[in-house]
Amino acid sequence: MKNLTILGSTGSIGVSTLDVVAAYPDMFRVVALTAGNNLELLKTQIETFRPELVSVLTAEKAQALSRSLTGKKPEIMHGVEGMIAAATASETTMVVAAIVGAAGLVPTTAAIMAGKDVALANKETLVTAGHLVMQMVREKKVKLYPVDSEHCAVFQSMAGHRSQDIARVILTASGGPFLNWGREQLQGATVADALNHPNWSMGRKITVDSATMMNKGLEVIEARWLFDIPVQRIAVNIHPQSIIHSMVEYVDGSVMAQLGTPDMKGPIAYALTYPGRVPSGVKALDLTALSGLTFFKPDTDRFPALKLAYRAADAGESMPAVMNAANEIAVEAFLAGRIGFMAIAEAIEKVMDLHEPHALASIEEVLETDRWGRRTAKEVLGVGC
């Protein structure tokens with residue numbers, strides 16, 4: 001039996017993870033949960049899965065949660081201290097890292113340093129601190145299983161093959177809700193437009209990232225660290241049907257791909273049960289029911305965020321962390337109605353132009369760089385600190 005901590009249990013990935021866990025009570029036990037603002041859902045999760053420890057954002061939320069619970073209560077903590085306690089709980093054997101954004105970095109690295117295997121859905125951990133995180137993974141001899149559908153597909157497509165035989169990795173992207181929109185249309189895109197993803201059901205921030213194609217840019221950087229492959233050998237193909245989740249091309253011209261119905265429970269179940277497989281509740285793929293599979297190159301003129309991510313990856317050092325911080329602030333401003341859709345990438349580029357990349361030797365240096373990126377993005381956007 002695997003004892004799980006789920007960081008971000010009330011988010012999209014956290015909820016899907018608990019759906020998988022509920023289907024296999026003999027395989028999984030929930031030790032700890034962390035959540036942000038959705039106390040009502042967290043209360044339901046506590047009553048269903050009976051964790052020993054839960055953590056929320058603030059002391060006030062912890063008190064409110066405690067008052068709402070009846071009967072035997074779990075230990076309730078809050079803040080970064082609570083997230084770290086959940087990530088490093090002694091009984092936990094695997095941590096599902098599903099917190100959105102750079103906020104997931106500290107508890108995820110704490111889990112690794114405590115010797116926990118990690119099912120990684122928080123791509124920002126590797127985007128901001130990839131070299132440090134992978135060094136920790138090697139030192140602690142833990143397993144890092146990708147939960148992103150694209151990286152899970154690459155992981156499966158590499159199975160049984162030698163790394164020296166890999167020519168390149170090809171990440172697929174749906175193109176998001178604005179696949180066929182022109183630049184003029186994009187200038188007037190609303191929050192509701194951006195959140196209307198054609199294939200995937202995700203949280204608000206990642207759905208906007210998908211609309212700008214920054215999500216794919218973050219995944220390029222994540223793949224660079226996960227699979228130890230130069231970013232120049234990681235390509236992106238637009239694939240509107242989201243059936244092929246990613247591909248690996250080998251030196252002999254062969255291409256291995258992983259296909260499936262778009263449903264995050266598939267990669268989650270794979271990460272939780274590797275090297276085995278279990279029925280995940282994902283609808284079986286019927287290729288005969290498809291009218292066709294199409295692929296084409298991304299348009300970085302309409303979607304400059306992808307180009308910015310490649311620029312950050314090429315610059316290396318602190319630049320990806322700055323880019324990510326600027327993106328989080330810009331997306332937050334867009335969702336709040338303070339800036340337009342195209343202003344997201346414009347703000348990120350301005351912040352990157354102001355930054356001189358430097359080496360990052362510790363997680364604290366990564367966090368300081370993240371803080372600089374956020375402050376600078378707020379100044380660029382004029383949204384205050």
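Residue numbering: from 1, along the chain as shown.
Cβ coordinates come from backbone N, Cα and C, glycine included.
Database features (Swiss-Prot):
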- Thr10, Gly11, Ser12, Ile13, Gly36, Asn38, Asn122, Glu124, Gly203: NADPH binding site (BINDING)
- Lys123, Ser149, Glu150, Ser174, His197, Ser210, Asn215, Lys216, Glu219: 1-deoxy-D-xylulose 5-phosphate binding site (BINDING)
- Asp148, Glu150, Glu219: Mn(2+) binding site (BINDING)
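Here the features listed in Swiss-Prot are placed on the structure.
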residue	record	Cβ contacts under 8 Å, 6 or more apart
Thr10	NADPH binding site	Ala35, Gly36, Asn37, Asn38, Leu41, Leu42, Gln45
Asn122	NADPH binding site	Leu7, Gly8, Ala97, Ala98, Ile99, Val100, Gly101, Gly104, Leu105, Thr108
Lys123	1-deoxy-D-xylulose 5-phosphate binding site	Asp148, Leu218, Glu219, Ile221, Glu222
Glu150	1-deoxy-D-xylulose 5-phosphate binding site	Leu171, Thr172, Glu219, Ala223, His245, Ser246
Gly203	NADPH binding site	Gly11, Ser12, Val100
Asn215	1-deoxy-D-xylulose 5-phosphate binding site	Ala173, Ile206, Asp209
For Mn(2+), residues beyond Asp148, Glu150, Glu219 with C-beta within 8 angstroms of the site's Cβ centre include exactly Lys123, Pro146, Ser149, His151, Cys152, Val154, Leu171, Asn215, Lys216, Glu222, Ala223, Ser246
My understanding is the cutoff is Cβ-Cβ under 8 Å with a sequence separation of 6 or more in the same chain; which residues meet that for His197 (1-deoxy-D-xylulose 5-phosphate binding site)?
Ser174, Gly176, Pro177, Thr207, Ser210, Ala211
Simplified to three states, DSSP reports Asn215 (1-deoxy-D-xylulose 5-phosphate binding site) as helix
DSSP three-state call for Glu150 (1-deoxy-D-xylulose 5-phosphate binding site): helix, strand or coil?
helix
